[in-house]
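Database features (Swiss-Prot):
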BINDING   C9, C17, C50  [3Fe-4S] cluster binding site
BINDING   C21, C40, C43, C46  [4Fe-4S] cluster binding site
DOMAIN    2-30  domain '4Fe-4S ferredoxin-type 1'
DOMAIN    31-60  domain '4Fe-4S ferredoxin-type 2'
Amino acid sequence: MTFVVTDNCIKCKYTDCVEVCPVDCFYEGPNFLVIHPDECIDCALCEPECPAQAIFSEDEVPEDQQEFIELNADLAEVWPNITEKKDALADAEEWDGVKDKLQYLER
């Protein structure tokens, strides 16, 4: 089992989750983070740290966000690893809670 970053992280990219991950399994794109499913140890430390509430256990990913399971796996293979907290995107608060942001994902 793994944890999955979902839609609400797009254009927010808070990195509080990165700071608590004991195995450094987060990967960073221009406006989104993903979790590498083969590196995640299912410790659940990241989930409560996400201000956007965008992280779910794989078996609890909302039905309308199932595509993010595969998206996390795919993008973790090509994006660089992130191991330290950074500032959120400048307009993160404006985007937090906006629905259906997949169209804004920058790869």
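Backbone N, Cα and C define each Cβ position, glycine as well.
As the structure is a computational prediction, the values presented were derived from the model and not from experiment.
Everything Swiss-Prot records as a feature, shown here on the structure.
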| residue | record | DSSP class |
| --- | --- | --- |
| C9 | [3Fe-4S] cluster binding site | helix |
| C17 | [3Fe-4S] cluster binding site | helix |
| C40 | [4Fe-4S] cluster binding site | coil |
| C46 | [4Fe-4S] cluster binding site | coil |
Request  = Work out how many Å separate C9 ([3Fe-4S] cluster binding site) and C46 ([4Fe-4S] cluster binding site) at their Cα atoms, rounded off.
outcome  = 13
Pairwise CA distance, C46 ([4Fe-4S] cluster binding site) versus C17 ([3Fe-4S] cluster binding site), rounded so that it is a whole Å = 5
Inquiry  = Beyond the listed site residues C21, C40, C43, C46, identify every same-chain residue whose Cβ lies within 8 Å of the center of their Cβ atoms for the [4Fe-4S] cluster site.
reply    = F3, C17, V20, P22, V23, C25, F26, I35, I41, D42, A44, L45
Query = Taking the Cβ of C21 ([4Fe-4S] cluster binding site) as reference, which residues of that chain separated by at least 6 in sequence fall under 8 Å from it?
reply = L45, C46
Query = Using a 10 Å radius around each Cβ and counting other Cβ atoms from all shown chains, which of the binding-site residues C17, C46 yields the largest count?
reply = C17
Key: Alpha-carbon distance [C40 ([4Fe-4S] cluster binding site); C17 ([3Fe-4S] cluster binding site)] in Å   = 12
Inquiry  = Just to verify a number: CA distance, C43 ([4Fe-4S] cluster binding site) to C50 ([3Fe-4S] cluster binding site), in angstrom, no decimals.
reply    = 14
Position of peak Cβ density within 10 Å, selected from the binding-site residues C9, C40, C43, C50 = C9
Ask   = Over the domain '4Fe-4S ferredoxin-type 1' (2-30), what is the model's mean pLDDT?
value = 98
Query = Any idea what the Cα distance is from C50 ([3Fe-4S] cluster binding site) over to C40 ([4Fe-4S] cluster binding site), rounded to a whole Å?
reply = 16
